[in-house]
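First the structure, in the form of structure tokens, and then the observations on it.
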Amino acid sequence: MDAKIKPIRGTNPAEGRPEFQPAELEPSEFLEVAVQPDQPRPSRAEAEAAVKTLLSYIGENTEREGLIDTPRRVVEAYDELFQGYHQCPKEVLERTFGETAGYDDFVLVRNISFTSHCEHHVMPFYGKAHIAYTPVERVVGLSKLARLVDIFARRLQTQEHLTAQIAAAIDEVLKPRGVAVLLEAEHTCMSVRGIAKKGATTFTSRYTGVFRDNPAEQARFMSMVRDRG
């Protein structure tokens, strides 16, 4: 499902350089299950046949012992790798807790590992997500933020889109005073093909509310993310 986002030039006060931030997403584009149960799709047999066709395309003998079960295994792997299409981000965030004891600062969960696949080459990109939000009255279980990342990551993505979806979902469901999301990832479509530059890391960020409006909050978020102590 394609979200209607476009780059908007802004400034990252924490680093003093221009950055691009996506426009607002429509809630229907990121809060619900992406693939409905009654949505027409190819059968498993058709999917396996498609894999077999690709193997033949690269010049392989699809009848040799090592490849006989490969189409089935690939389809099963896709069921796991892209299960995010069948999961609901909104449901993950809806259970919240009110016992905050007057807590009025932001909550940060950093180093959430993730693996996704780029929508251009269907090759993995992987890295870490750092998420902060400033609650109003209620908070969400910390594991739910990691689950949210997994739901969106287990879909075909761009890193920019993934960053925007995570922030928009938290903003829409929890309605906090602000959200900050920073993703850092290595893209295998760049490290193992094309220019083949291993170790190159891509950073994307998204700020809403107090993080967008207050440069000091952005700077504090970035400082805590980078603190390895």
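Placed from the backbone N, Cα and C atoms, the Cβ positions cover glycine too.
According to Swiss-Prot:
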REGION    1-26  region 'Disordered'
BINDING   C118, H121, C189  Zn(2+) binding site
| request: Would you count the other C-beta atoms found within 10 angstroms of the C-beta of C189 (Zn(2+) binding site) for me? | output: 15
| query | Within 10 angstroms of the C-beta of C118 (Zn(2+) binding site), what count of other C-beta atoms is obtained when all protein chains are considered? | reply | 19
| message | Cβ within 8 angstroms of the Cβ centroid of C118, H121, C189: which residues besides those meet this for the Zn(2+) site? | response | H117, E119, H120, V122, M123, F125, H187, T188, M190, R193
